[in-house]
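> Structure below; questions to follow.
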Amino acid sequence: GDILDDYSRTDGVWILTRNKQFYETNNEKECADKCEAERNFTCRAFLFTRKKLQCLTLAENAKMTVTFASTDTVLYEKIIYLMQCKRGIGTDYRGTEAKTQRGIPCQKWAEKIPHKPNYTPEKHPNAGLEENYCRNPDADENGPWCYTTDPAMRFDYCAIPECEDQCMQCNGEDYRGEVSRTESGLECQHWDVQEPHMHGFILKHYPEKDLKMNYCRNPDGELRPWCFTTNPNKRWEYCNIPRCTTPPPVSGLDSQCLSGRGEDYRGRIAITESGNACQHWNTQFPHKHGWVPDRYPCKGLEENYCRNPDGEKKPWCYTTNSNIRWEYCTIPPCDRTEQGMAGMNNVPVQAPVTEECYQGKGQSYRGTTSVTVSGRKCQAWSSMFPHRHIKTPERFPDADLRENYCRNPDGDSSPWCFTTDPNTIWEYCNLKRCDDHAQE
């Protein structure tokens, strides 16, 4: 790859630093070569001025000193020295953590008190043994460590978090790493091509899912990141992304009331809107299902509490009634006034409830029928449960894919929907074509 890929670039910035070397180079890449070859100090960054073609290699970066504006100057900082997290066992960790997991300050690597070190900057010049920063010069499986300033404890490990782009939290929905092979070793197909497999996961339709290159991603709420493969006989496969050892970042207080679709609801209501008790998520009786707590660690699937793990219109649960597989729950709204106003605002939108027929192929149908010809209930368009699909409101913004109403986003012969029956992917809806004369 390009040597500059290892650097973070900032235009129009100069930094004050004592240790620096001046060179004359023709471009930024030549300056980067000087930084890599620097022997007077550890080069963490370099400055390049376009007009003078001047190159300054620097011992410090913007995290370590002051910066100020300077036109015509570009600052390149080595990414490895900006990272405060570790990849794998952290042999390349070059962050500035300088205390142990117990909070004891680290001893400087070049000092001999209170402990005489086996690992010194002289013996291991490429291990980054600077100051008293946590490092892993011996490739210890437990990660970065340091000698401590406590005479009674020779060394201890440091609490360095995992870099989230190298491991996955939860089910990897936020994974942004660069693994591009599946767990069986197949190369991933680029997201922006349609060969050998045609698909609808295109960056412009899923701008927030980071569908770059052919990197493994989880844009649709699967168990873990995956990709389409370059093998014509294997459409897609999971990727082998390690799970982060640190807990996922807290995204805010868990909600005890209904906000939006209730995906962050973590209250203890465990009864459906019709009064059925909820089935425990970790049991398979009376209903077998795939929402197992161990497989979806960040969905809050505790006990038998109502939850919304799949983007349904509100929290739900499987019921203990063997005749009713699942139902929605009644969760009190967080802002009753706001909810009440929203309800009033929805009245005009819901006006075409009486629209029981469609014109032409039904692409303009905007009624609220949500039952198929066989009587099956429609799956919500924004949901991936029980059927994974690409007919989403984001991808078809003009098709009015609201709730689970029958629609015709793809020019089929009449309105249809995905069904809530796991064994029936989709069906046409229980609608008739409007009489042409009556329509006029």
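The count begins at 1 with the first shown residue.
Placement of Cβ uses the backbone N, Cα and C atoms for every residue, glycine included.
Annotations for this protein, taken from TrEMBL, read as follows:
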DISULFID  Cys167-Cys244  disulfide bond
DISULFID  Cys188-Cys227  disulfide bond
DISULFID  Cys216-Cys239  disulfide bond
DISULFID  Cys257-Cys334  disulfide bond
DISULFID  Cys278-Cys317  disulfide bond
DISULFID  Cys306-Cys329  disulfide bond
DISULFID  Cys357-Cys434  disulfide bond
DISULFID  Cys378-Cys417  disulfide bond
DISULFID  Cys406-Cys429  disulfide bond
DOMAIN    1-80  domain 'Apple'
DOMAIN    84-163  domain 'Kringle'
DOMAIN    166-244  domain 'Kringle'
DOMAIN    256-334  domain 'Kringle'
DOMAIN    356-434  domain 'Kringle'
> Restricting the comparison to the disulfide-bonded residues Cys167, Cys188, Cys278, Cys329, Cys334, which residue's C-alpha is spatially nearest the C-alpha of Cys429 (disulfide bond)?
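In terms of Cα distance, Cys429 (disulfide bond) lies closest to Cys329.
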> Tell me, how many other CB atoms lie within 10 A of the CB of Cys167 (disulfide bond), whichever protein chain they belong to?
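Around the Cβ of Cys167 (disulfide bond), 20 other Cβ atoms lie within 10 Å.
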> By CA-CA distance, flag whichever of Cys239, Cys257, Cys278, Cys329, Cys417 among the disulfide-bonded residues is nearest to Cys357 (disulfide bond).
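Among Cys239, Cys257, Cys278, Cys329, Cys417, Cys417.
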> Return the member of Cys167, Cys188, Cys227, Cys306, Cys378 nearest to Cys334 (disulfide bond) in space, with distance defined Cα to Cα and candidates limited to these disulfide-bonded residues.
Cys306
> Out of the disulfide-bonded residues listed (Cys188, Cys227, Cys329, Cys417), which are within 10 Å of Cys216 (disulfide bond), Cα to Cα?
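Hits: Cys188, Cys227.
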> Which of the listed disulfide-bonded residues (Cys188, Cys227, Cys329, Cys357) has the least company, meaning the fewest other Cβ atoms within 10 Å of its Cβ?
Cys357
> So what's the average pLDDT for the domain 'Apple' (1-80)?
88
> Neighbour count, 10 Å Cβ-Cβ cut-off, for Cys378 (disulfide bond): what number do you get?
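Taking all protein chains shown, Cys378 (disulfide bond) has 22 Cβ neighbours within 10 Å.
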> Given Cys378 (disulfide bond) and Cys406 (disulfide bond), what distance in Å do their CA atoms have, once rounded to a whole number?
7
